[in-house]
Amino acid sequence: MAEIGKGVTAGKLAINVQKRLTRAQEKVLQKLGKADETRDVVFEEMVANFNKQMGEGTKLQKDLKAYLAAVKTMHDASRRLQDCLADMYEPDWFGKEEMDALAEDTDTMWLDYHQSITDKSLQDMDMYLSQFPDIKARIAKRDRKLVDFDSARHHFTSLQKGKKKDEAKIAKAEEDLGRAQKIFEELNVELQDELPALWDRRVGVYVNTFQSLAGHQEKFHKEMSKLSENLNDIMTKLEEQRQINEGANHNESASSAPKRSAPPPGPPPSRPPPRMTPSPNQQQQNVSPFEDEPSVHDTNTDSTTTTLQSAVTNGSDGELPPGFLYKVKAVHDYAATDGDELELKMGDVVLVLAFDNPDEQDDGWLMGLKESHWFQKKDISAKGVFPENFTQRV
C-alpha cells in the first residue's frame, strides 16, 4: 500500500481517524448522560496543581529573563558612563591610571554578575521547566486512553446486553477492553507517582533559585561598593588637587600684581625769611604816639601764631593711644589719588596702624589715622594709606 506521508501509511491514518471519531462519539454520549464517564477526583486535583505549577514556573522564568535583560541594560549604561569619564579625564589629573583600572574592574564585575545569574538561576529554571511538556503530553494521552477505556467498556457491555449474542464479537470486545484498560492504568499509575513528587519539588527549586540569586547580588553589590568607594576617593583627591592649584594660581597672580609705589616727596618746605631786630634808636623812632595801646595788626598776628602752634602740637605730646604703633608728622603736603589714601597737610600728626593683612602692605606705604580725628571721634573708620617718605617719626 502506498505511503500517505513519512512514517504514516493509509492503514494507520484510517485507524487514527476511527479512534478520533469513536472518542468524539463517546464524549457526546457522556455529555448527554447516555454513557458513564470514569472520574478520578484525586487525579484531577493533581492535574490542577500541575497546571498551576507550570504557570508559576513559566512566569518566574520570564521574569528572570527580564531581570537579566535589565542587568544587561545597566551594564551597557555603566560602560558608557565609565567611557565618558575616561574620555574627559585629563592625563595630568590625579589618579588617571587608577581611574582606568577602576573602569575595567567595573566592566568585569557586570559581566561576571550577568553570567553567574545566567548559569545558576536561569539555567536551573530552564532545566526545571523542561520536564513539563513531556508530562503535559502524557496527561493528555492519559485522558484519551481513559475515553478509549470507557468506550471499550460501553461497547463490551452493550454486546453482553444484546438480544443476539455473538460470542466472537463479545470475545473481541472483551479483549479490546482489557488492552485499553491496561494502557490507561499504566499511564495513570505513572502520573499518580510523578505529579505529587513534582509538586513537592517546586519549593526546593524556588529556594535554590532565589538563594543563588541573592548570593550573587550580595557579592556583586559588595564588590561594587568597594569600587564606588575607590571612585569617591579619587574624586576627593582630585578636588583637593584643584583647590591646591587654584590657591597657587591665586598667589602667583597676587605676587605678579603691580605694587603701589610711593610718590617722590615734594620739595622741602621753605623756611620763612628771618625777622630783622631793629636797633634801639630805630625802636624809639618808630614808637607811635599811641604806644600804650597795642595795634590791631600786632594783636591779630599774635593770635594767629598761637592758633597755629596749638593746631600743630595738639595731642602730639600726649601718650600714644592703645592700638597704634607710633606717631609721624607730615613734612610735605600729599594729595590723595585713590579712595583708600589719606590726604596730608604739612604738620598733620598721624597715628600709625598695623595692616590687617601684612601681604597687602606695599613698600614705602603706611596705614594710619590723623590724630586730630582720633581725639574728636575715637574711631578708625577714616584710616588710610599714605607715603612714608612724606612724614617723619615724632
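Cβ coordinates are placed from backbone N, Cα and C, and glycine is handled just like the others.
Confidence across the coiled coil (163-190), taken as the mean pLDDT and rounded to a whole number, stands at 89. Sequence annotations record features per position, and here TrEMBL assigns coiled coil to 163-190.
Annotation comment: TrEMBL describes 261-277 as compositional bias 'Pro residues'.
According to TrEMBL, the domain 'BAR' annotation covers 28-244.
Look at TrEMBL and you will find 323-394 tagged as domain 'SH3'.
Sequence annotations record features per position, and here TrEMBL assigns region 'Disordered' to 247-322.
Residue counts of the domain 'SH3' (323-394) by helix, strand and coil are 13 helix, 26 strand, 33 coil (DSSP-based).
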